[in-house]
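Asks: Among the features that TrEMBL reports, domain 'Integral membrane bound transporter' is placed at 368-494. The annotation transmembrane segment is assigned in TrEMBL to 27-45, 76-95, 101-117, 148-170, 355-375, 417-446, 452-473.
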Amino acid sequence: MTFRLRLRDWLLANDPAFSRLRQASRITATVVISVALLIAFHFIATPLPPAAYGLAITLSIEGGLAVRDRTASEQLVTRILAVVTGVAMVTLASALEGYRHVSDLVFLVVIFVAVYGRVFGQRWFALGMFAFMSYFTGAYLRPSLDQLPALVLGAGISAAIAHLVRTVLLPDDRYRDLLRAIASVQQRVDEILHGIAAAARRPILRAADRRRLHALEERLKEAVLMAESFIATDTRRPAPEPGDVSADLAIGLFDIHLAAESVIVLSLQAMPPAAVVDAVLAHDAGEMERGMQSLGEANVKQLEAARALLWLHTVRDRLNRSLADLEAADLDEPPPAPSPEPPAATARFSLADPALRSAIQITLASGIAMVFGLMLSRERWFWAVLAAFLVFTNTRSRGDTAVKALQRSAGTLAGIVVGLAAASAIGGTVYIVLPLGAACIFLAFYFLPVSYATMTFFVSVVLSLAYSLLGVLTPQLLELRLEETLVGSVAGAAVAFVVFPTKTRTTLDAAIRNWCDKLSELLEEARRGTSGLDLVSRSQALDRAYRELAAAAKPLGVSWQLVTRPGHVRQTLAVFMGCTYWARIVARKMSQDPESPNDFAAQIEENLKLASKVRETGADYFYRSRSVAAPVERHLPVSRDDAGLGLEMVAVSLERLHSPRVRPAGEERGL
């Protein structure tokens, strides 16, 4: 295999549909092209001030991250508004430069409005980010009013390049992205099969094998969810009619997910022969048949595991056939049906309004960071405000904010150390600094979706290189930046814990209620005998609800909880994950036999009552250590008549949450 193919396989394995690669490439290309054009203008026409470059880079980055409108025309409108907003904020900061105390207060007003404006939708979220970053740039670089034309030029070029990169150079292509995502799904299925084959050759199943298979299962889930996002199977877009190619593909993805999970569940109970696993990997039907014949009927569980492997082989072939019939037009979105205009979002301006509470939190944290940052430096306090503002971005609870503050501080520290070493070795050589800086920008935003600390690390390296290029890099300057970052991070975390705190318990409560609602909706649809694709859609919604639940529980597993929490948290999450899996089986089996719901009415009713009980208890499951009952010793027949088993196992999974309590584990100590 060539290096290029190995690289592609590695990227697909870690980045389904190349979504992270595309986002990082867009941002890097926009920054590089915009700066190159401004440099050319600088030497050909007239010199440009640093603020023009700073604003262009800022808008290039935010243009790649914050502009998420659905269509190209909507994105263009947002970018035009962003240019106006950005130039206005820089101009305002410049006009108030002589009145620093007034400028500082206005900065806090800008922060409040930028955050509260998010209540009006995605476009206003983007404009708020542009407003904050532009005022930050203006206050930091201090352009004069006569430099306004240069600022307009920098902002306009960055917006134009960002739009061209997004729509022409690296456009969204649902068909291509779906093909890549499905290739990633198939690759992750192969990883599962290789893991099972390796485990099957050992005399005993090791704990490490179990952990690896569960980790591979999570990776498969990520790839399947990514692939499903390109097909109209949920409430985001009208679902395709049964029989459509896209509908067949949606069912195929659902089946391959279920089949792979079944292989893992059954293999952990009784490993299938390695020869059968190898035959499935090689797509050798003859070897599969001989392997099945050699098993006989002696070991029922091992036989079921082997049958699950054959089922996985079958659904993979069916998915490939559906994919071969797919054309790009099958994924086109139909024009939206005429509907009355939705009511415009309105500002309630009440402390009961989460948007207002969030705006107050972030503004207060920024104000505290500003005060203590000014104590450290009148010139560099902006870094503290930047850290305080950004640690609240995309967080659900005070625990999330604390984790993000810790990650930002750690990433900054590591980045400063590496950046200082790199800058010292390079010595400000422009031909090395510029490409290395571009590479660090790419890596920062490639890793942003998976590691905020890694993103902060690479951004800190870029800043160190930039300082070396400007000739102002000193250890004292980098030390000051670290101190300002710590001030902002601590201010953000402190406010998150003290002012309108949203506990992890509260976020978990909401996530569990949402999960129970999705489970109840699936069961209700099954009781009504709903069509197959609709049941699949309900199951996919339950999958997404489980992922939200796992994300809400994430702060409970951070370092300060390692002694008392993570084992119990993982056990509790495993119960919800198992229940989600069995609900998926119910959806699949009942979609194949829509006449069967009457046979399972009593079981469905029992499960609905259990789901209601779980909904009422909420996050308490994660905060009280209980003796989680051992899994019931059942295995999954892969025949078509096991909807009853699926319903039974949903009930068993939910009942495991109510096993006898052992001891309190910090019941009143939620994050």
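Placement of Cβ uses the backbone N, Cα and C atoms for every residue, glycine included.
All annotation found in TrEMBL is predicted automatically rather than curated by experts.
Just so it is clear, the model here is predicted, and its values are computed rather than measured.
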Asks: Do any residues of this chain, six or more beyond the ends of the transmembrane segment (355-375), have a C-beta under 8 angstroms from a C-beta of it, and if so which?
Replies: 104, 107-108, 111-112, 115-116, 118-119, 347-349, 381-385, 387-389, 391-392, 484, 487-488, 491-492, 494-496, 499-500
Asks: What stretch, picked from 76-95, 101-117, 148-170, has the most CB pairs under 8 A with the transmembrane segment (27-45)?
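Replies: Going through each listed stretch, the top one turns out to be 148-170.
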Asks: Cβ under 8 Å, sequence separation of at least 6 from the ends of the transmembrane segment (417-446): give me the contacting residues as numbers and ranges.
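Replies: Distant Cβ neighbours of the transmembrane segment (417-446) are 20-21, 23-25, 27-28, 31-32, 61, 64-65, 454-469, 471, 473, 475, 478.
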Asks: DSSP on the domain 'Integral membrane bound transporter' (368-494): how many residues come out helix, how many strand, how many coil?
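Replies: The domain 'Integral membrane bound transporter' (368-494) comes out at 104 helix, 0 strand, 23 coil.
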